[in-house]
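Working notes for the structure below.
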């Protein structure tokens, strides 16, 4: 009983992403049509003690660690057929807390077997150290409705080395709906994405002359200009979403996030003083490419098949567009009124300054 309570407490303490601060192992599953991705974290000290193997990143050490992982684990279909296990990456590294062995796996079911049901068998460290355990969690299952919150399957121990995972039925319709919600949720919480767009739209109802924003555009001209800006941003991030999903194009997270902060800073300066008057759609499209690379981190496991991947990307993109369109429709009357108000220029400059300060803070944090 005491051990069960301890395991539950440690499960609640498990931190997101790759941080691992507890002495147990963790296995995080991400379900996609046709395959399952698994991220495995084993404490380096426990792995070395249990196996007697070297725990460094020399090729021969990693080869032995890889062989031990594959020997001491199995993934089985309901009828007992083994899933194919491919190790995509293995390394001893310290991300948070003590150093760990990090392993990334791709699991493929046997022909004819469900990709939603499996039995996970695990003896890594637990066979030699009976007090050790591994938490098995489902981190993602877009088709099944899991879009961010973890689900704890259970704890793998020396006396309970196998757990069943049943994810139920999934359909393309469910995948589309969940991807739509994921896209909408992501852009709604992506303050940097929205702030970039709003800062770019802030001077859109104005014409520039002699390095300053001057007279307002007409209502029809303003609406047309706004439509071009939003459409160009959409085209930009949609392009990199497709390139990332179908061709594996990606960049490290830090320069992408820093690039987004820089885009907010540039649009804030432009809102105060015109840097590229009349060329806002071009800038929106170019920076949209960068923003799309950030969106792409969420769709890396949308499925292996062309149909499922295209369905998920379409839903995700439409979710983003729905929120963007809502923001523009809400902001449009205020932007037009601000352009015609006698104190509008002062308010616009203050808003641009606040946006620029936020962008500088983000840029400093992301480059630090």
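Every residue gets a Cβ built from N, Cα and C, even glycine.
The annotation signal peptide is assigned in TrEMBL to 1-19.
According to TrEMBL, the feature transmembrane segment maps to 194-213 (among others). If you look at the transmembrane segment (194-213), the same-chain residues 6 or more away from its ends with a CB under 8 A from one of its CBs are 187-188, 222, 225-226, 229-230, 233, 260, 263-264, 267-268, 270-271, 273-274, 277-278, 280, 283-284, 287, 291, 324, 327-328, 331, 335-336, 338-339, 345, 348, 351-352, 355, 358-359.
Feature annotation from TrEMBL assigns transmembrane segment to 225-246 (among others).
Residues or ranges marked as transmembrane segment in TrEMBL: 283-304 (among others).
With a threshold of 8 Å between CB atoms, the same-chain residues lying at least 6 positions outside the transmembrane segment (310-335) that come near it are 142, 172, 175-188, 194, 197-198, 201-202, 204-205, 222-223, 226, 230, 233-234, 237-238, 241-242, 245, 295, 298-299, 302-303. Taken from TrEMBL, the feature transmembrane segment applies to 310-335 (among others).
Per TrEMBL, transmembrane segment is recorded for 347-365 (among others).
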